[in-house]
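**Q** There's a structure below that I have some questions on.
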Ligand code: K7E
Ligand code: CUA
Ligand code: CA
């Protein structure tokens, strides 16, 4: 422990240990990285130690005490969402979404497979951008939405039960990447970007002359209530990240491949790519007036937003821009330059003029383009007019002032950079508490670092990543916690604990299992009391209750080849008494929490005796909570 503090002291004093580590970023530009603390005087060893102690006290949550913030982390290519308490950074829960989960049975149960729909055949996902639904620019705590880049899906998670309840595959695009929500008047649309440019139609009919084929990708809006795709907008170039404004009128997205190239060198050819801005009321009006087409089997209205369209505007910005972030005061869209050391500040108040053709040059909406360091990827904000941008190549977070950046751009001699803080290492997203809402409070900053190198005990060639917690409540950013994570949270969102209201046990009328309840009603079964086996041809439905430590049915008979559906209703009322159901050697497992009904379907393909058991620890006699399925040979 004392060793680590000494190392931190050394870093603070400028004896940066990573100076000896060499560059990780392929660009080899690391050597150009700037000094650690621009503008900040080097503290004495004593005052630094006192400051760190003070910060560490803030994040120490006593056993039994609760955190002030919920954090929702994307799980990257593990496909899930993780729930953390902040500032302790304790992991509270995992919410399986685009993955299959052995513990809860997500991807195995009938209820989850209904949510997954056609895409239940995919066992992988790649979740990047979790965002909480809003009303009037404030988190309303109802839903969390998240994209799946791997299989072009968007999912909705109900935050009262922390389960995914809807999912949609966006048609006619490949790889949904950027995702953000309409903030005002409420989240009616989930905006999401199709990243890759593909030929249309993409049915193999144009492979002989692909260059001549029409090729594009689309910006998409999903209806947050129905989770159906509301509209799609054809764009030039490709689409990376997106965000929406605080008036409900505009959304914007970055494009890194204005070149429409298929290879790396081609995608870096242009010095500027662009931000495309979408005029949502104009798009809605065009669709209402019938000015749209549809593609293939899809019924989704498609409008054309390519150059010259009245629905969009293209604003050139340098170079392969990545993150797109709206400041919580509603004044700016900020595009992060990635291959340019700058970020581009787009003044949202000037967009009306841009759309009304009152500006000669779309660049007139760029009110400043501050130079921050190497590899700016994402920007987040406090409530005091400051922004925090990750510098991937420099492995730093830079704190800078929005208004001072504008003054400097106009030629005033003013320093806009407040501080640069080393992070460990190669940060992607960062996220400040409540920053995507009007309630940004400038207390905590999470920085999601892609590399941990030597920060943790080694665990083989695959290293942990490192989500660092930084105290931003004072003048100076202070690193207070390292949080190792598994592949690969891209992004997170922090909400105050009062903004999230969860259920302690299920309601019997919850829509999550309403289809199963309807099936039981058809079979004349009362789920809360009946323990019954219903045969319907070669389909067998086994209805049982569970009350710690017993199942309502401890033995049932089926025939080899029967399709068996086991439906269990957990009649326990006590919080925390979750039961499970696992049929040995059948790949069958599920969670049944208090007052929940869960069901799972499988084929009884092996004659003989097959035990089932409860796999969620529920009682002193949990081991004895078992039963047998007897399968007669065909
Ligand atoms: Cu920068 Cu997918 Cu948000 Cu990763 S994206 S870092
Ligand atoms: Cu029921 Cu363990
Ligand atoms: Ca480019």
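Cβ atoms are placed via backbone N, Cα and C, with glycine included.
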**Q** According to TrEMBL, which listed range is transmembrane segment: 20-43, 44-67?
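**A** Range annotated as transmembrane segment by TrEMBL: 20-43.
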**Q** Based on TrEMBL, name the residue from 496, 579 that is recorded for the same Cu cation A1 site as 614, 618, 625.
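**A** Between 496, 579, TrEMBL records just one in the Cu cation A1 site with 614, 618, 625, namely 579.
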**Q** Write out how many residues of the domain 'Cytochrome oxidase subunit II copper A binding' (535-634) are helix, how many strand and how many coil, based on DSSP.
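**A** Across the domain 'Cytochrome oxidase subunit II copper A binding' (535-634), the residues distribute as 3 helix, 56 strand, 41 coil.
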**Q** Cα of residue 259 (Ca(2+) 2 binding site) to Cα of residue 322 (Cu cation Z1 binding site): how many Å, rounded?
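**A** Given the Cα positions, residue 259 (Ca(2+) 2 binding site) is 15 Å from residue 322 (Cu cation Z1 binding site).
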**Q** Apart from 256, 259, 267, 273, 320, which residues in this chain have a Cβ no more than 8 Å from the mean position of the Cβ atoms of those residues at the Ca(2+) 2 site?
**A** 237, 238, 255, 257, 258, 261, 268, 269, 270, 319
**Q** Can you tell which of the binding-site residues 129, 273, 579, 614, 618 lies nearest to residue 465 (Ca(2+) 1 binding site) in space, using Cα positions?
**A** 129
**Q** For the binding-site residues 378, 579, work out the Cβ neighbour count at 10 Å and name the residue with the minimum.
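**A** 378, out of the binding-site residues 378, 579, has the fewest neighbouring Cβ atoms within 10 Å.
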**Q** Can you tell me how far the Cα of residue 579 (Cu cation A1 binding site) sits from the Cα of residue 490 (Cu cation Z4 binding site), in Å?
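**A** Answer for this pair: 33 Å between alpha carbons.
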